[in-house]
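These notes are about the structure you will find just below.
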Amino acid sequence: MIRLEKRPQPSRAWSMATPVLAVIATMVFGGLLFAALGKNPFQSIETIFWEPLFGEFSFYYRPQLLVKGAPLVLIAIGLSLGFRAGIWNIGAEGQYIMGAIAGAGVGLAFYPLDAWYVFPLMVIAGALGGWAWAMLPALLKVKFGTNEILVSLMLVYVAEQLLASMSLGLLKNPEGFGFPGSRNLNDYAAGNSWIAQDIGLHWGVAAALIAVIFAYVLLNRHMAGFQIRLSGEAPRAARFAGVNPTRLILLCLGLAGALAGMAGLFEVSGPAGQVSIDFNVGYGFTAIIVAFLGRLHPVGILLAAALMALTYIGGEIAQGNLGLPAAAIQVFQGMLLFFLLALDLLTNYRLRRTVTEGN
Amino acid sequence: MKLTKLLAGAALALGLASTAMAADKTKVGFIYVGPINDGGWSQHHHESAKKMAEHFGDKVELVYQESVPEGADAERAITQMALQGADIIFTTSFGYMDATLNVAKKFPKVKFEHATGYKTAPNMSAYSARFYEGRAVTGFIAGKMTKSNKIGYIGSFPIPEVIRGINSTYIHAKKANPDVKISVIWLNTWFDPAKEADATQALLDQGVDVVLAHTDSTAPLAVLEKNGGYGFGQAADMIEFAPKPRLSSIIDNWAPYYIQEVQAVIDGTWASHNAWDGISTGMVGIGEITDAVPAEVKAEALAMKEAIAKGEYHPFTGPLNKQDGSPWLADGEVADDGTLAGLNFYVEGVDGDIPQ
């Protein structure tokens, strides 16, 4: 018999090893899945993990990894701060949308003015948009003790309705023949986020890297970071240590909202180009997976986002080249989280062989 | 721009490579917004694509990508296809318009065809079907068949194509039944069976007994089959729901168009255009009208279809007023294509507002 024994301390070694093991397990079982679909498993796995990085067209795909990964990093960094403190913001998708609307709105208001200050104002508006949307669950939680999981999640759907309304009304392209969607910000030099499009570099990529460093310093060198960690790991001790929970909630949700809002702004003014009804494609939800896959650690999140971006882009290539169904790729990505959670058991428990007496 | 050059270079190299191979194979790409088994829009594009590939046999290689979100991801999916050496790429949803145009600029040698949009380029065509012609026929049947005098319409996105469909449905339902009222529910999605089912049920709860859908799944018909009421196949025949609740259907038949365009690429005669075909060329088909519809109604509906096919009757013929009562078309006047292409108002008698 094998039984599980709780470790006195979560194992650091296993905590580092499980993401790697999860990736390997996903490759193995994903390969089996692809084989069951009648595709060559080795070729499929190679296409997903190798092709975007070193394949024939990697000159195009490598920049795309930055484009796909940057919003995930930005949002996941913000979420991880709250998650560490036990504050569960599930509505980053809504904050992302509101940041995009607010930021693009400012940009479109200045159109076609060509001035250096347009884009910085858009970034500030984007951050404020996301921050304000996150303040709703924060204030409701602080004032009335509502559950931030439910409120932040429900506000995603409200944000989606606002997005549709903006695409069809206020922000609609006046030269768009009545079709929904705003002007394309890629055609507005002062209002788009590209630094160098040919290498996939936009301000969101730069901001993502800055956010990683900022979060690392905050968590390791700053009092607020200590309070965040303490509240998550030992809530009672935190209270005795004089941590103000109200301030912590406002700080964590506010930062997460602002970062998600900025991610939305960088996306709408760069890769997406316009405010449209289906602008959001789920970065806010995927970032939750990224945050946990990265162990809520800034550097881990960077790596996890790179991995998620790789499976997205590689998965698309596999669809196009090998005819793998889209659903199989989604199952493959789902496996990654599944195995991570399953293997996480080993971080907190160890396997013990039980010897039954008399044998 | 370096990337543009780089990509253009790559495209050129691929273009040369594929012309070298083109003697035997033309690579044709398709981008779908839904899964290829959605039972409606995407499935029908895919089936038409397969018919096209069958027609050409070994001369054509078909590649596709399904469930591609409209937005930033679409541009990558299309670029990827162009990089992989596609000679012509069909992007089959309205939301791919700007993405298709962006990629078309980078790959001047590759031909692009965007469905249901309005932007074109020297190497990018737009194509669409006059679904409103089919809507006239199904709207007429709906008007005859409703007992509660209430018909319902499940709208996807409030774009001109869908607004044309609602107007055409209402105009002809009213021809059949002057007391008819239409309720519209907007879903802001092309494919979401759960939402489509909920919307159908909501309409039934309001006393509607005939539901027309402009979304892509079979969910509305499934609800109608269970809870009563009539409906129509949309994009696909959906004959599995006949004779009730499915009374007839609007079938999108893209195959002849795909064959024509791919042939033009093979022949080297492809040219950018804006195609808008209807019942007359067979791009829009009317599925079998079932026996649940009385014979004289069926005869009238088929007569209308014939008249439209022959060009004797246009579904938007005056006198017609706009929703606010202001005049649109004088007696006998026919709507011009420009107005129809950008149609953004309801005709008089339709309740509710177009989401703004």
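Note: Cβ is positioned from N, Cα and C throughout, glycine not excepted.
The model shown is predicted, which means the values in this text are computed figures rather than measured ones.
Cross-referencing A:95-113, A:304-322 with TrEMBL places the feature transmembrane segment at A:95-113. Counting C-beta pairs under 8 angstroms (sequence separation of 6 or more), the transmembrane segment (A:149-171) reaches the transmembrane segment (A:119-140) with 3 or more such pairs. A contact between the transmembrane segment (A:248-266) and the transmembrane segment (A:12-37) is absent, since fewer than 3 of their C-beta pairs, 6 or more residues apart, lie under 8 Å. When Cβ-Cβ distances under 8 Å to the transmembrane segment (A:12-37) are tallied for each of A:65-83, A:119-140, A:201-219, A:324-343, the top count falls to A:324-343. Note on the transmembrane segment (A:324-343): residues 18-19, 21-23, 25-26, 29-30, 33-34, 37, 39, 44, 48, 289, 292-293, 307-308, 311-312, 315-316, 318 of its chain, located 6 or more positions outside it, place their CB under 8 angstroms from a CB of the stretch.
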